[in-house]
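Annotated features, as they stand in Swiss-Prot:
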BINDING   Cys118, Cys122, Cys125  [4Fe-4S] cluster binding site
BINDING   Gly171, Glu172, Met236, Leu237, Ser238  S-adenosyl-L-methionine binding site
DOMAIN    104-349  domain 'Radical SAM core'
DOMAIN    370-433  domain 'TRAM'
Amino acid sequence: MVCLDLSQYRMITDVKNKDNTLILEINKIYEIEVEIPYEEVEIDGSIIKINAHPKRAENIKVGILNLISYSIANNLKSKITKRKTIYINEPIPLIGHTAFGLIERGRNIIQVRGHCGCNLNCIFCSVDEGEFSKTRKNDYYVDLEYLIENYKKIVDFKENKFIEAHLDGQGEPSLYYPLVDLVQELAEINKKGNGIVSMQTNGTVLNYKLIDELEEAGLHRINLSINALDEKMAKMLSGRRDYNIKKILDIAEYIKNSKIHLLIAPLLLPNINDEEFKRVIEYAVDLEQKNPQNIINPLTGKKDPILGCQLCRVYQLGRRPKKMKVWDFEKFYYLLGKYELEYKKKGIEVKLITSPKDFGTHKRKRLPYPFKVGEVTKVKVVLDGRVKGEVLGVAKDRVIQIINCNNEQNLIGKTVKVRILRNKDNIIVAELV
């Protein structure tokens with residue numbers, strides 16, 4: 001008898017079965033079903049027992065692993081968003097798309113997007129994320145080793161000095177698995193040049209154990225989204241009845257007592273959460289007064305601000321709450337300046353109007369642009385897109401978003417001519433010619 005122990009594979013995080021169908025949890029938040037077509041197989045938890053002649057048993061073992069690999073490549077589904085998830089690995093480039101991979105904007109900060117998909121359904125989401133999205137048709141997950149390999153290439157290109165890896169994306173970054181390994185790998189690379197790793201999060205996935213592990217892995221800062229303290233308002237903004245603001249505040253205080261810098265990032269939705277926005281600011285200031293952190297950002301030689309106030313903007317495929325008023329940044333900064341003055345009169349110095357320089361962000365060598373806007377080029381279509389009417393093509397070590405397509409599935413595998421519409425920050429958008 002030959003045994004196949006599925007628990008030895010890191011990406012397989014849970015195993016169930018229904019008769020001869022394996023139901024595998026992949027990287028915590030994904031799932032596949034694999035029908036095992038062999039009579040000689042007995043499934044016992046994560047152990048598959050193969051009762052056959054040794055040579056036949058080894059062939060069956062290889063066959064089962066091939067079926068699992070095929071299912072991950074073609075039938076992966078998110079348990080969070082219920083969408084098909086495309087597993088990204090070599091040879092798909094990781095530069096060119098906003099939904100996954102790496103984004104480099106000619107600065108010392110590199111945005112790391114290991115996956116997309118969110119466990120909340122925020123009413124203001126700029127990318128229409130969550131289970132009830134009306135525009136997103138596919139999610140993506142990037143293989144950890146492939147992500148790190150490509151990240152290191154960009155860091156080396158920038159000569160590895162004062163680099164910040166920032167985990168963000170179209171979704172909740174902390175849902176990526178293995179998150180701790182990702183942070184540790186990034187931190188190991190960046191610390192050679194006095195760099196850091198930071199992460200955006202809505203906080204819902206975090207717990208004491210995970211925070212301890214992220215601290216040990218070398219995470220420098222958590223940008224924690226808190227948009228209201230009122231329980232009813234917080235649930236409404238998040239689009240989830242089970243959103244627990246008390247749990248988020250408890251997590252905030254736990255982070256504050258760790259070696260990870262806490263930055264609270266409230267979002268103002270004018271005419272919706274104006275009062276709650278101010279309350280979140282007050283909460284953050286009080287927390288800093290009671291428990292000041294002394295964590296120094298090596299990029300600046302100073303402490304990071306406690307607050308990163310943001311203004312809700314309207315985006316083409318994003319959500320816009322009906323009652324929300326649209327403000328420009330001049331009006332927003334005027335409001336923040338007013339709040340700063342109020343604190344100054346109380347003898348409290350609070351920085352609410354922040355800039356990238358406050359976090360050590362500065363210009364650095366930019367990756368070359370392989371395409372010019374208006375250029376016509378040939379592209380190999382390799383994957384279905386993130387939204388309806390989009391497919392993904394590959395050319396010159398870039399992934400290209402080809403928009404306004406019909407019959408997307410018929411294009412996959414073909415070489416097509418496209419016209420480049422956008423190349424800013426190496427985010428490449430094109431249309432068929």
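Cβ from N, Cα, C; glycine included.
Positions of the features from Swiss-Prot, shown on the structure.
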residue: Cys118; record: [4Fe-4S] cluster binding site; DSSP (3 states): coil
residue: Cys125; record: [4Fe-4S] cluster binding site; DSSP (3 states): coil
residue: Gly171; record: S-adenosyl-L-methionine binding site; DSSP (3 states): strand
residue: Met236; record: S-adenosyl-L-methionine binding site; DSSP (3 states): helix
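Taking the binding-site residues Cys125, Gly171, Met236 in turn and counting surrounding C-beta atoms within 10 angstroms, the largest count is reached at Gly171. Here Gly171 (S-adenosyl-L-methionine binding site) is compared against the binding-site residues Cys118, Cys122, Cys125, and the shortest C-alpha distance is to Cys118. The Cβ centroid of Cys118, Cys122, Cys125 marks the [4Fe-4S] cluster site; residues of that chain outside this set whose Cβ lies within 8 Å of it are Leu120, Asn121, Phe124, Val127, Asp128, Glu129, Gly130, Gly171, Ser238, Gly239, Arg319, given in sequence order. When the binding-site residues Cys118, Cys122, Cys125 are ranked by how far their Cα is from the Cα of Met236 (S-adenosyl-L-methionine binding site), Cys122 comes first. Mapped onto DSSP classes, the domain 'TRAM' (370-433) shows 7 helix, 33 strand, 24 coil. Binding residues for S-adenosyl-L-methionine (Gly171, Glu172, Met236, Leu237, Ser238) extend across at most 18 Å, taking the greatest CA-CA distance.
Checked against Glu172 (S-adenosyl-L-methionine binding site) by C-alpha proximity, the binding-site residues Cys118, Cys122, Cys125 yield Cys118 as the nearest. Remark: Cys118 ([4Fe-4S] cluster binding site) has Ile80, Thr81, Cys125, Glu129, Gly130, Gln170, Gly171, Glu172, Leu175, Asn202 as non-local neighbours, by Cβ distance under 8 Å and separation of at least 6 in sequence. In this structure, the C-alpha atom of Ser238 (S-adenosyl-L-methionine binding site) lies 4 angstrom from that of Cys122 ([4Fe-4S] cluster binding site). Spatially close to Leu237 (S-adenosyl-L-methionine binding site) yet at least six residues away along the chain are Cys122, Ile123, Phe124, Asn227, Ala228, Leu269, Ile272, Asn273, judged by Cβ distances under 8 angstroms. The Cβ of Cys122 ([4Fe-4S] cluster binding site) has 24 neighbouring Cβ atoms from other residues within 10 Å, across all protein chains displayed.
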